[in-house]
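Notes for the one structure printed next.
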Amino acid sequence: MSQKETNNLKTEEPKRERTTSAPCGRLKSHNVNGVQEGKPVAKDQFSGRTLGVFTSGGDSQGMNATVRAIVRMGIYLGCKVYLIHEGYQGMIDGEQNFKLATWTSVSGIVGLGGTVIGSARSSEFRERSGRLRAAKNLAKAGINSLVCIGGDGTLTGADLFKKEWKSLLDELLEKNELTNEEFENNKFLNIVGIVGSIDNDFCGTDMTVGTNSALHRIIEAIDAIVTTAFSHQRCFVMEVMGRHCGYLALAAGLASEADWIFIPEHPPEPNWEDHLCKRLQYHRIAGHRLNIVIVAEGACDLEGNPITSEYVKKVISTRLKIDTRVTILGHVQRGGATSAYDRVLGARLGSEAVLALMMSHDESPPFVIGISGNQPCYIPLVEAVERTKNVAKAMANFEFRKAIELRGASFERNLETYIKMSKLQPKLLVDDSSRHYTLAVMNIGAPAAGVNSVIRSFVRQAASIGCTVLAIQDGFEGLAAGLVKELEWKSVYGWTGIGGSLLGCQRIDAKKIGFGNIAAKLKKYNIEGLLIVGGFEAFSSVLQLSEQRENFREFCIPLLCVPATISNNVPGSDFSIGCDTALNEIVTICDKIKQSALGSKRRVFLVETMGGYCGYLASVVGLASGADQSYIFEEPFTINDIIEDVRHLKEKMKSELKRGLLIRNEMANKHYTSDFMQNLMSEEGKGVFSARANIIGHMQQGGVPTPFDRNLGIKFGNKALVKMIELLNKTARENKLTEPPYMLNKDSSLVVGIRRSQIQFTSVFDLVEQTDFEHRLPKHQWWLNMRPLIRILGKHEAVYKSEVMTKDEDVEEFIEDRDEKEDEDAATLY
Ligand SMILES: Nc1ncnc2c1ncn2[C@@H]1O[C@H](COP(=O)(O)OP(=O)(O)OP(=O)(O)O)[C@@H](O)[C@H]1O
Ligand SMILES: O=P(O)(O)OC[C@H]1O[C@](O)(CO)[C@@H](O)[C@@H]1O
Ligand SMILES: [Mg+2]
């Protein structure tokens with residue numbers, strides 16, 4: 001294929017205006033019901049109150065975790081909680097579907113897919129007569145506070161129900177179907193919604209409960225398809241769910257290195273068949289043995305005509321004569337175990353929903369509890385429903401740009417990243433009109449899933465602008481030994497989905513190898529920018545090299561760190577690459593351990609997690625696996641606390657739940673080791689329960705990267721490269737240098753991080769103050785806020801404090817931060 005032809009393959013995206021998407025009114029009516037962020041909520045504070053919870057629409061993984069949190073938080077606050085079975089239909093059918101929940105009614109369900117209380121699509125509820133019957137049954141049972149878990153339809157129905165409530169009750173009173181007392185006691189309906197749907201199609205929340213697990217299913221399926229596609233050199237057209245929303249297809253496309261995606265919000269150009277075939281052909285020429293095309297079930301062309309997977313297959317097989325198969329994933333996507341993310345999301349949103357409901361007063365508007373930038377938030381239901389409807393309207397009017405904006409910032413950024421990645425091509429002929437730098441990448445620390453995704457993304461983008469990327473194998477040790485080789489476009493194909501470290505990594509930081517030694521090697525290979533992917537050592541190495549710039553000119557280059565460690569202890573980022581995969585691995589193991597306890601009975605398991613001094617894994621696993629307790633370094637505990645836990649476990653053994661799960665971080669306490677604790681539990685629990693310790697070790701560093709780690713890896717790699725080139729170009733321009741630019745600037749030594757879903761760069765020098773170097777920890781760790789929840793949901797006493805942001809100035813700042821479109825330069829770099 002000639003250069004001209006390859007150039008033609010670039011399908012130019014229409015230049016888009018970078019607009020700031022409105023914040024969906026989210027958080028604006030944040031404080032109408034009087035919840036205050038950080039204000040302690042006491043046990044039994046709402047004694048005597050009643051609430052009901054139901055699940056409706058298509059089920060989704062995480063609904064059970066949400067219901068569990070609602071029931072337990074409700075009971076903790078002193079409320080009566082009714083489980084309303086079979087959604088709206090159950091409400092219509094009668095009181096036999098309302099079951100008073102106990103603590104144990106929701107035991108053992110935290111990781112189960114689906115919904116144990118049943119879900120339904122009810123056509124009767126769409127009619128006023130159906131809603132009248134539902135209102136009657138609720139009022140008779142004294143339930144006028146509801147947590148509604150479902151998709152956009154469910155919440156639209158809830159909105160209508162709330163609006164009509166008064167007139168429904170008036171009618172019931174008039175017809176003598178309610179007594180005066182029933183009427184008076186239930187005059188107002190309070191509603192809080194949680195979006196439970198795999199589709200992620202509800203405006204105002206970044207993620208809906210279930211979407212992440214569905215993505216897990218899709219990626220598992222694509223990974224499996226890839227092996228057979230590779231063997232037969234086939235093309236697979238994979239159809240995924242999502243109804244009219246393309247989120248699942250988009251996120252799956254990114255995570256699987258798909259050749260092409262079709263989504264409803266971004267229809268292809270009219271002659272897309274030509275472009276598709278050219279792209280697939282081009283990838284084959286570049287050495288790919290297979291192609292993956294993802295079709296969202298709602299995909300359509302610019303005129304709104306459906307694009308079916310069968311049609312896509314026909315185009316590919318007839319035009320390219322490639323053996324092509326269609327796989328329609330179907331309901332598999334809605335099944336299977338709940339991912340760690342969805343379990344934690346369900347727990348956070350469920351608990352906040354109860355609190356919001358209890359704080360509601362008679363005239364409170366209905367809310368949805370969503371998540372925005374990793375922060376639970378209140379979204380006015382009416383506005384959110386309106387906005388969600390507007391997406392459908394925009395698509396019906398062919399206003400696709402508007403539809404994308406309405407979907408929200410997270411959707412928009414994913415789409416931008418996908419488009420960017422899919423348009424990249426190796427720059428075959430390097431013209432000399434611009435600088436083409438030699439960059440290097442290494443991985444230090446311990447292995448973490450997703451590292452290879454960072455490197456692929458970095459290399460592909462570098463190659464597309466004619467830069468050379470050198471791979472330093474085995475970290476600084478490898479550099480000293482000269483283990484350096486060029487990474488080409490082709491060499492990183494398929495890396496996104498591979499766990500472990502393909503470059504090889506070592507723990508040894510820069511200082512230990514010797515600065516002179518490193519400088520000599522950087523000079524030898526003419527390295528003009530260095531990306532270090534890894535854990536705390538990656539951060540400290542960037543700092544060490546930067547501090548040595550006065551002594552070594554070779555270090556006066558952009559030095560960037562991408563945090564990648566299962567411990568999640570790198571300052572400058574809320575999440576490190578690899579911690580989501582580790583969490584899912586550990587949670588899966590805990591599920592199995594709990595199953596074993598179910599069989600052996602009266603057994604307490606202590607699971608020791610990695611993480612160094614950082615209690616992130618132990619805490620989040622504690623929440624996601626429904627543990628009784630989680631011991632971490634950051635929250636000191638005494639022998640009395642452990643003895644109190646023994647007492648709690650002895651009590652628990654008297655109930656039908658004859659098992660216990662304790663999670664202990666490896667460095668939680670120097671003296672109270674896992675061995676010690678197992679012995680203590682065995683001795684103190686004698687005659688009531690037996691205790692076993694499981695140190696799960698290096699399994700935690702393995703595993704196939706989760707969609708979250710893959711996609712964050714792509715974004716981090718992408719941003720790191722863009723930043724590096726920006727720094728190099730700027731310095732080259734300013735200094736008119738032809739040799740490696742001389743950088744002493746603190747802003748050329750950066751950690752790439754994510755905060756409130758925004759990718760940010762922070763100078764390592766600015767992070768020094770924020771770091772506890774002795775224990776290798778950031779001084780502020782966002783997830784510590786979730787600690788009381790682990791205790792409350794495990795039936796311990798704790799003081800819960802709302803995570804929802806309620807102070808006006810915080811909200812304004814948050815919205816500004818969140819919607820700010822960072823690095824404009826980056827967008828125009830290519
Ligand atoms: N406009 C509406 N008016 C009254 N009730 C509605 C309305 N839309 C939906 N509902 C009720 O909510 C139920 C669930 O809605 P729907 O089938 O659209 O699923 P969903 O909640 O959007 O979930 P998902 O899309 O994830 O399957 C419907 O069966 C119906 O009972
Ligand atoms: O389970 P059902 O009723 O066939 O509905 C399938 C639809 O439900 C969802 O799984 C969830 O809304 C959609 O992605 C899909 O279009
Ligand atoms: Mg829906």
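Cβ from N, Cα, C; glycine included.
As written in TrEMBL, here are the features:
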- Asp199: active site, proton acceptor (ACT_SITE)
- Gly58, Arg121, Ser122, Gly151, Asp152, Gly153, Thr154: ATP binding site (BINDING)
- Asp152: Mg(2+) binding site (BINDING)
- Ser197, Ile198, Asp199, Arg234, Met241, Gly242, Arg243, Glu297, Arg325, His331, Val332, Gln333, Arg334: substrate binding site (BINDING)
- Arg507, 565-569, Arg603, 610-612, Glu666, Arg692, 698-701, Arg776: beta-D-fructose 2,6-bisphosphate binding site (BINDING)
- 10-19: compositional bias 'Basic and acidic residues' (COMPBIAS)
- 51-356: domain 'Phosphofructokinase' (DOMAIN)
- 439-721: domain 'Phosphofructokinase' (DOMAIN)
- 1-37: region 'Disordered' (REGION)
- 1-423: region 'N-terminal catalytic PFK domain 1' (REGION)
- 424-437: region 'Interdomain linker' (REGION)
- 438-830: region 'C-terminal regulatory PFK domain 2' (REGION)
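The structure, with features from TrEMBL marked on it.
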residue	record	DSSP class
Gly58	ATP binding site	coil
Ser122	ATP binding site	coil
Thr154	ATP binding site	helix
Asp199	active site, proton acceptor	coil
Arg243	substrate binding site	coil
Arg507	beta-D-fructose 2,6-bisphosphate binding site	coil
Ser567	beta-D-fructose 2,6-bisphosphate binding site	coil
Arg603	beta-D-fructose 2,6-bisphosphate binding site	strand
Gly612	beta-D-fructose 2,6-bisphosphate binding site	coil
Gln701	beta-D-fructose 2,6-bisphosphate binding site	helix
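Ser197 (substrate binding site) and Asp152 (ATP binding site) are 8 Å apart (CA-CA, integer value). Among the recorded positions Gly58, Asp199, Arg603, Gly612, Gln701, the residues whose Cβ sits under 6 Å from any atom of ligand 2 are Gly58, Asp199. A strand conformation is recorded for Arg325 (substrate binding site) in the three-state DSSP classification.
In this structure, the C-alpha atom of Val332 (substrate binding site) lies 13 angstrom from that of Gly58 (ATP binding site). Here the Cα atom of Arg334 (substrate binding site) is found 17 Å from that of Thr154 (ATP binding site). Same-chain residues with CB within 8 A of the center of the Gly58, Arg121, Ser122, Gly151, Asp152, Gly153, Thr154 CB atoms, the ATP site residues themselves not counted, are Ser56, Gly57, Gly150, Gly157, Ser197.
Across Ser197, Ile198, Asp199, Arg234, Met241, Gly242, Arg243, Glu297, Arg325, His331, Val332, Gln333, Arg334, which the record gives as binding substrate, the greatest C-alpha separation is 32 Å. In this structure, the CA atom of Gln701 (beta-D-fructose 2,6-bisphosphate binding site) is 42 Å away from the CA atom of Arg121 (ATP binding site). In sequence order, Gly58, Gly151, Asp152, Thr208, Thr211, Met241, Gly242, Arg243, Cys245, Tyr247, Leu248 make up the list of same-chain residues 6 or more apart from the residue listed as 'active site, proton acceptor' whose Cβ falls under 8 Å from its Cβ.
Less than 6 Å separates the Cβ from ligand 3 in the case of Gly151, Asp152, drawn from the binding-site residues Gly58, Ser122, Gly151, Asp152, His698 in sequence order. Checking the binding-site residues Gly58, Ser122, Arg507, Gly612, His698, Gln701 against ligand 1, the ones whose Cβ sits under 6 Å from it are Gly58, Ser122. Summary: among the binding-site residues (Arg121, Arg325, Arg507, Arg603, His698), the fewest other C-beta atoms within 10 A of the C-beta are counted at His698.
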